[in-house]
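One structure is given below, encoded as structure tokens.
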Amino acid sequence: MTDYLFFAVFPYVALAVAVGGGVYRYSRERFSFSSLSSQFLDNRVLFWGSVAWHYGIVLILLAHLVALLFPGFWGRLLGDPLRLAAIEATGLALGLFTLAGLVVLLLRRIASPKAWAVATVMDLLLLAALLLQVATGLYNALVYRWGSLWYLSLAVPWLHSLACLNPDIKYIVPLPLMIKVHLVNAFLLLLLFPVTRLVHIVSIPISYLWRPWQVAVWNKRPIGS
Amino acid sequence: MARGILRTAVSRACLVLVLSIAAHAYGDPGKDLFDKQCSGCHTVGGGDSGGPDLKGVTDRRSEEWLESIIIHPDTMAATDPARKELIKKYGYEMPTLGISHDDAIKIITWLKGGGGGAAQAGAPPADEHPEVVVTPALVAKGKALFTGQKPLANGGAPCIACHRISTPGITGGNLAVSNLSASYQKMGEKGMRGALKALKFPTMKKIYENRPLTDDEVTSLIALYKDAALTKSTPSASFFPAYGAGTFVVFLVGLTLYKRRTR
């Protein structure tokens with residue numbers, strides 16, 4: 001029953017809240033769709049956290065997404081022990097990079113008085129949920145080796161069944177607790193999407209790719225550099 | 001003439017009816033359930049395989065005990081000495097197959113009757129699966145199937161995703177507890193063949209439900225496990241955490257260089 005609630009009901013609730021809440025927030029407070037950057041308040045440490053976190057998490061999410069959307073391709077890609085080990089090692093490195101970046105962001109948020117002054121409870125909750133997600137992901141990659149392969153045979157069919165509105169939790173029920181925590185927490189993050197600064201995911205500045213160059217000129221040397 | 005044709009037709013219809021009733025009467029739901037759910041790992045009179053030979057099991061164990069282990073082996077008391085002994089002997093717990101109470105009773109009733117009185121039930125006839133002769137070609141094919149280099153015909157996951165094996169050049173996964181060369185040593189060829197044909201273990205059940213291994217694939221994998229068990233190699237060490245940590249350091253160096261460039 002608990003498994004059914006977590007893996008057959010909760011994902012839909014999270015998705016409904018994410019879409020409904022996201023649309024509602026956009027219609028009411030369009031300009032709140034932002035990361036509410038605190039770069040101006042404290043930029044010294046932000047670089048180390050933000051760059052490591054964003055490059056790491058984007059590539060890791062991309063790998064999850066490619067396996068989900070193109071399982072045949074992903075299966076063929078991993079169908080060689082050397083490629084499998086190389087992809088897993090790269091994934092582990094990206095996981096560590098992501099975790100390091102997140103820890104830096106969390107410490108900065110707590111240690112910097114300026115960043116702390118603009119922090120909300122939801123910011124801290126989001127950081128905690130992200131930390132749990134990355135930590136369990138790393139744990140699963142290390143302890144339950146070749147996650148890239150069993151994800152394809154266990155999590156992907158479950159996600160496909162959810163997408164087809166015919167949830168089949170039999171793939172997930174026998175899995176170890178830490179993997180289940182990782183899966184449930186992923187949907188918890190989806191639930192947090194409309195009520196946190198996570199909404200900035202959908203405000204990707206794609207136009208930056210083709211807009212003209214902008215030259216930024218400092219009038220004076222920035223303090224602390 | 002017409003009367004003769006009618007008489008022949010009626011007598012033939014009666015014969016078909018009698019044969020159908022007889023066939024139905026001989027069909028035993030307990031045997032059908034045993035063949036479907038249990039025969040992958042158990043025989044009745046055919047010797048131990050993936051699990052113990054169940055011939056005479058109703059004399060050795062109480063009906064309550066049999067019901068428990070058939071319906072919910074996972075929740076049987078961990079202190080049950082007989083269960084602990086079985087896990088020690090076969091190297092893994094019997095999976096929960098989702099068998100209902102009524103079906104368990106039917107299986108037990110059939111087993112009480114001596115397993116239909118057959119000398120051997122559940123296990124395939126001995127001549128159907130002659131002992132696998134390990135050849136380099138068969139082992140190579142088994143390796144390709146194990147690692148996913150050669151996809152399984154029905155689309156199941158390659159063994160390497162979750163299992164280890166003590167053979168050079170393959171670092172298996174460890175979502176599953178069992179090392180398959182060690183499992184082969186415990187289960188023997190017949191047991192491993194039964195387990196590979198059934199694939200009823202909790203995590204595997206759903207993956208292979210509609211994607212069974214072909215006989216050819218089972219034979220190749222058995223050749224690989226048998227070869228690994230005979231050569232008694234140690235499992236390949238996994239260097240992937242070290243490679244991962246090394247790549248992480250490279251990322252940090254890259255980040256530092258990037259920072260210097262954008263200062």
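Cβ coordinates come from backbone N, Cα and C, glycine included.
Residues or ranges marked as domain 'NarG-like' by TrEMBL: A:4-218.
Residues or ranges marked as transmembrane segment in TrEMBL: A:6-24 (among others).
Packing against the transmembrane segment (A:45-70) from elsewhere in the chain are residues 38-39, 87, 91, 94-95, 97-105, 107-108, 112, 134, 137, 148, 151-152, 156, 159-160: each is 6 or more residues past its ends and has a CB under 8 Å from a CB in it. The transmembrane segment annotation in TrEMBL covers A:45-70 (among others).
Here TrEMBL flags A:His54, A:His64, A:His182, A:His200 as heme b binding site. For A:His54 (heme b binding site), the same-chain residues that are 6 or more apart in sequence and have a Cβ closer than 8 Å to its Cβ are A:Gly101. Taken residue by residue with DSSP, A:His54 (heme b binding site) is part of a helix.
Feature annotation from TrEMBL assigns transmembrane segment to A:82-107 (among others).
According to TrEMBL, the transmembrane segment annotation covers A:119-142 (among others).
The transmembrane segment feature in TrEMBL is assigned to A:148-165 (among others). Under 8 Å from some Cβ of the transmembrane segment (A:148-165) lie the Cβ atoms of residues 7-8, 11-12, 63-64, 67-68, 71, 74-75, 78, 84, 87-88, 91, 171-172, 175, 183, all in the same chain and six or more residues away from its ends.
Packing around A:His200 (heme b binding site) is summarised by its Cβ count: 15 other Cβ atoms lie within 10 angstroms of its Cβ, all protein chains included. With a cut-off of 8 Å between CB atoms and residues at least 6 apart in sequence, the same chain places A:Gln133, A:Thr136, A:Gly137, A:Asn140 near A:His182 (heme b binding site), listed in sequence order. Our reading of the heme b binding annotation (A:His54, A:His64, A:His182, A:His200) yields a largest Cα to Cα distance of 22 angstrom. In the structure as shown, the Cβ atom of A:His64 (heme b binding site) sits within 10 Å of 17 other Cβ atoms. Classification of A:His200 (heme b binding site) by DSSP places it within a helix.
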